[in-house]
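First the structure, in the form of structure tokens, and then the observations on it.
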């Protein structure tokens with residue numbers, strides 16, 4: 001419920017409890033006392049659970065709604081558990097034990113929303129959001145390795161002439177993709193001035209950081225959140241990527257956008273609340289790096305995986321394929337045995353019918 005969590009009202013967190021989190025935030029914001037405490041509590045106090053204790057002072061109508069939200073969420077989780085058990089063939093379900101895996105709520109009390117629930121929700125969401133980008137990077141890394149693996153497997157199945165043609169075509173596409181205009185360093189003066197000119201339609205010679213901030217704080221909360229920051233990089237990304245070009249991969253474009261946003265956050269978000277305040281933004285525009293940044297290293301210049309990573313990935317794929325083949329062989333044997341038993345039963349049945 002820190003400012004970084006309040007900013008989630010219009011963003012997709014990617015968390016499996018996203019809807020529950022949003023609804024809790026929405027109703028807590030309706031309580032004036034809690035909202036005031038929220039905006040006057042710093043990030044560290046929030047992480048340590050001090051804000052959660054303020055739940056005892058919110059209005060009865062808000063607490064009643066939070067109780068209802070929790071019961072709905074518990075029922076949702078129970079349905080998920082039952083569906084999972086049905087798929088896996090389980091019968092007896094210990095909901096109380098299985099609910100322990102959901103760390104964002106107090107599973108010991110499934111009926112009312114208490115201080116411990118708010119404390120768990122805050123800590124879980126803060127931790128999960130901090131790890132979310134890391135998981136996205138890992139997913140992209142696996143995506144890139146799989147793409148390269150499939151490309152090499154395709155080449156193996158071609159004759160020498162077609163293999164050379166495919167490899168040449170691949171190298172040409174790589175060269176075409178790399179042949180793009182200079183990419184401005186994300187968050188630099190040149191990059192922001194380009195947005196000021198191209199997106200905002202303003203004179204770059206009249207660039208004003210404070211006005212720029214206000215223009216791109218689209219929800220007017222006096223912060224640039226992650227989505228508002230990522231929108232600033234669209235012009236740079238359009239220099240490198242187009243859905244109409246064979247050489248450009250839109251999944252790679254989104255990874256580049258994520259890298260740019262992370263870089264700016266690391267440079268500007270000094271209190272690490274995953275938001276850029278006006279003060280933080282203005283401080284960053286007075287740094288030398290803002291005017292004289294280093295060149296930006298794009299994805300093609302910074303591969304997402306090493307040769308060793310690729311080797312381990314392909315070994316894992318080979319193990320998985322071997323395991324699947326073994327399982328298929330076992331299933332085939334089971335099928336043959338069932339067919340043999342069925343034939344035996346049919347034969348015995350036919351003999352019995354002849355006797356009678």
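Cβ atoms are placed via backbone N, Cα and C, with glycine included.
Some features that TrEMBL has for this protein:
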- 157-174: compositional bias 'Basic and acidic residues' (COMPBIAS)
- 157-188: region 'Disordered' (REGION)
- 204-239: domain 'EF-hand' (DOMAIN)
- 317-356: region 'Disordered' (REGION)
- 319-328: compositional bias 'Polar residues' (COMPBIAS)
- 329-349: compositional bias 'Basic and acidic residues' (COMPBIAS)
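Remote same-chain residues near the domain 'EF-hand' (204-239) are listed as 3-4, 6-7, 10-11, 180-181, 183-184, 186, 189, 191-198, 253, 256-258, 260-261, 264-265, 274-278, 281-282, 285 (criterion: CB distance under 8 Å, separation of at least six residues from the stretch ends). For the region 'Disordered' (317-356), the list of distant contacts is 149: same-chain residues at least six beyond its ends, Cβ to Cβ under 8 Å. Across the region 'Disordered' (157-188), DSSP classifies residues as 19 helix, 0 strand, 13 coil. Remark: secondary structure over the domain 'EF-hand' (204-239) totals 23 helix, 2 strand, 11 coil, with classes taken from DSSP. Summarising model confidence by region, the domain 'EF-hand' (204-239) averages a pLDDT of 94.
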